[in-house]
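S.K.: Shown below is the structure under consideration.
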């Protein structure tokens, strides 16, 4: 398979601290890659290495199947990025800020209007960025990252500081990009709900290590379902189920059936009815992706 | 690429007061002599046979101070434009080489200082004419004392730019700069090898061009060291 981004054994050490260790990132073309991990897991450090801002202690980065160390400038020509907090020149207007980047990139001047329109800042193009709200600055940063029509777009926490409607707007924009422009997108976040709604592939990083990397569907499979039964006299009901050879748990109040097939749930209910218990509720509780994520990163912490 | 970066850097210094400083520096130096000659012109004219040389010497007493101070402020300003919102990371993530980014910053300040020197020449020449210091105008000396301090100050420029671009804490370059200004102020008593003495054009051989040549060569050397250090470092 051809990967747009591929890192091999990517490692970065700051003194004794191992910020990123042996990271193997693989991103196929046209994916929205959710780069997920708790704060301080090494996401930003990894992204900095992808952009050539930091030199890896060891390992390699290949983007568009070219070695970043050898062909940095040619690669960056087709990469757009927004790293951490947006950078801007407060004493310049939004238009001038983009012009300062456009001159270096060398795209036509009309592109500034286009990207400002994409992020809905066209009305404030001639205002100084100093007076912008956090959300507007963030959007300007996204506009800047789109300036060179990138094939790979790297956004580090892109919805930081945006209000709910801004988040939805940016989310819709990002979801459009692979389809409309054939872009591959990397979005990092510590919020799974954020990634969940956009990403097609997920990489979970914890303590500098990649602990999961696959499609979001694969990750969802980790989300186990359980069925909760609320019955009269739950203890005896639970014992009755056990006596009939069913696997069930009891937590002083309810009976729970973990990872059981539909058939088994039906059988359990049948038994309970037969044994004369009243069944008040049969509820399914799905473990959210959030729980899976927490569990993954927690397990890693225990290791 | 270099031309593009330069144009961008000139765009970025808009509204930051760097141009004002470029004009204010040489104007200030000559303005001091306007006060000096305004108050006691007759006395000063009696002091020497060659009024032009005497006048130029007075001006050059302040040129080196203004130039060292100017360098400290200009380098710190130009670095702060990128430091303010850590725009380095945005700039370096563009398809540009780090070496040319550094060269562009250096060139911008060099151009500003050069313009300052041209203005110094114009201001001191015109005020000299106004003072009517004699028929024989020492053009060569006037040129020397306008442009040699600029060349001799290049090592200070290279050093300050280096420190300002690699420090996250701008107190460091400013502290070094202030010490530099104090050293430049006491140039007369400094040993010849100190770079802060050079812009004063004073040396043991009494030949100003030595300072200019030294400045040019050591300036280039320090520039190259700073540039490669800048390239080597990770962008935070």
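Placement of Cβ uses the backbone N, Cα and C atoms for every residue, glycine included.
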S.K.: May I ask you to indicate which of B:27-44, B:171-188 is given in TrEMBL as transmembrane segment?
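M.R.: Based on what TrEMBL states, transmembrane segment spans B:171-188.
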S.K.: Using a Cβ distance cut-off of under 8 Å, indicate which of B:55-81, B:102-125, B:171-188, B:208-230 has the most pairs with the transmembrane segment (B:145-164).
M.R.: B:208-230
S.K.: Cβ pairs under 8 Å only, please: of the recorded stretches B:102-125, B:171-188, B:208-230, which one is richest in them relative to the transmembrane segment (B:55-81)?
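M.R.: Maximum Cβ contact count belongs to B:171-188.
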S.K.: Under 8 Å between C-beta atoms and at least six residues away from its ends: which parts of the chain pack against the transmembrane segment (B:171-188)?
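M.R.: That would be 64-65, 68-69, 71-73, 75-76, 79, 156, 159-160, 163-164, 194, 196-197, 199-200, 202.
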